[in-house]
Amino acid sequence: MINDFFTHPMRIFFLTSAVCAVLGGAIFFTPVDFISWHKFIFLHLVAALAYAGFLLTGLTDWTNFGGGLKKHAYVMFSFFAASFVSAFFSLFAAHFFMALFWAYLAGLCVYMIWLDRNDDQLGVLAFLLGILGFEIYYLLSGEEKFLNLQIHLHVIAILLVSFRVSVVLGKEALNREPGMQDAAFVPNFVYKNIAIVSVCAFLLASLFFEGSKAVNFVAIACGSAILAKLKEWHYKELLRHSFVIYYYLMQLLLAAGYAIYGASGILGLGLETNMLHVIALNGIIFSIMLIFNIAGLRHSGQELEFLRLSKIAFALVIIAGICRGFLAYVWSGFYIHLPATLIAVAFALWFIDFYKIFRDNEFSDDPE
């Protein structure tokens, strides 16, 4: 079984990422430097494993890559394991091994793209090189902002990936509507590109004009651009399906996070840190949970019907982000411990369902 999980690395990486998310939530209840630890766990271990699992499944299909992935999965998992173990002794060493992880993943993706001469995947490659570059610069400089700004690199990746995901969700929703099996859902790539350019501009402004009001205005532009993308979902044939609703909520809260971040900076409300957590939890972590469910079901021969525990997990992630971002000033428990508990429970629930699905079902190609 474990051998099969490495043959199809999406499974081992998704499951391990979920375990890391549970540990990331639990770390807040231990007497350690949980601020540094939770950044490392969620932005590096959880996200890195999630992207690796997704790309080693999706990119192989998009580039028609026919080679085996098991040996690559072993190498990357070894880097992850070395990073995880070394984190107990030195976070610097842990970041070093994760830099090797990202470098190997980026190199493998470059190889796949080069073999296929596929320039449609350059956005994915730019994201990987961006993450790798920021990680290397953090190792060389020790400046925390190069860790914090990786949040927005992850958002760029989400906007890239979610375009493909929206095609799948839209088609699935229309296929379930009577008499609409021949209809097509075509997301607006212009809105997607505007949103990506806006977040790139925010990232650059934060990097070179830190503390400037310009950063806040660009943040509002990011929120507006992401919000504009939601127009394409405003059809009852789409919004009556739960998987579309979850996707819609993720994008809506992501847009709200950026817009309120900008407004807070302009008006001096001091909510920027809270909104960063909304972006991280309701944007990045929620998207990871969404991908885990969609890819996990579609590549296990299952219908795209979220399981009961997964629906509970989605609700918990949303509540965690709202608590940390909007209710933290009401009660101190909303600030750390309740969101941490909700995230840990959410990924534990996902793990319970999908460990059994992965164990009991053969890996299947994407039905599309």
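From the backbone N, Cα and C atoms, a Cβ is placed for every residue, glycine too.
TrEMBL has this to say about the protein:
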- 12-29: transmembrane segment (TRANSMEM)
- 41-60: transmembrane segment (TRANSMEM)
- 72-90: transmembrane segment (TRANSMEM)
- 96-115: transmembrane segment (TRANSMEM)
- 122-139: transmembrane segment (TRANSMEM)
- 151-169: transmembrane segment (TRANSMEM)
- 189-208: transmembrane segment (TRANSMEM)
- 243-263: transmembrane segment (TRANSMEM)
- 275-297: transmembrane segment (TRANSMEM)
- 309-328: transmembrane segment (TRANSMEM)
- 334-352: transmembrane segment (TRANSMEM)
Could you name the stretch, out of 12-29, 72-90, 122-139, 189-208, 243-263, with the greatest number of CB pairs under 8 A to the transmembrane segment (334-352)?
12-29
Taking pairs 6 or more apart in sequence, does the count of Cβ pairs under 8 Å between the transmembrane segment (12-29) and the transmembrane segment (151-169) hit 3 or more?
no
Decide whether the stretches the transmembrane segment (243-263) and the transmembrane segment (96-115) have at least 3 CB pairs under 8 angstroms, with pairs required to be 6 or more apart in sequence.
no
Test of understanding: applying the rule of at least three C-beta pairs under 8 Å (pairs 6 or more apart in sequence), is the transmembrane segment (309-328) touching the transmembrane segment (151-169)?
no
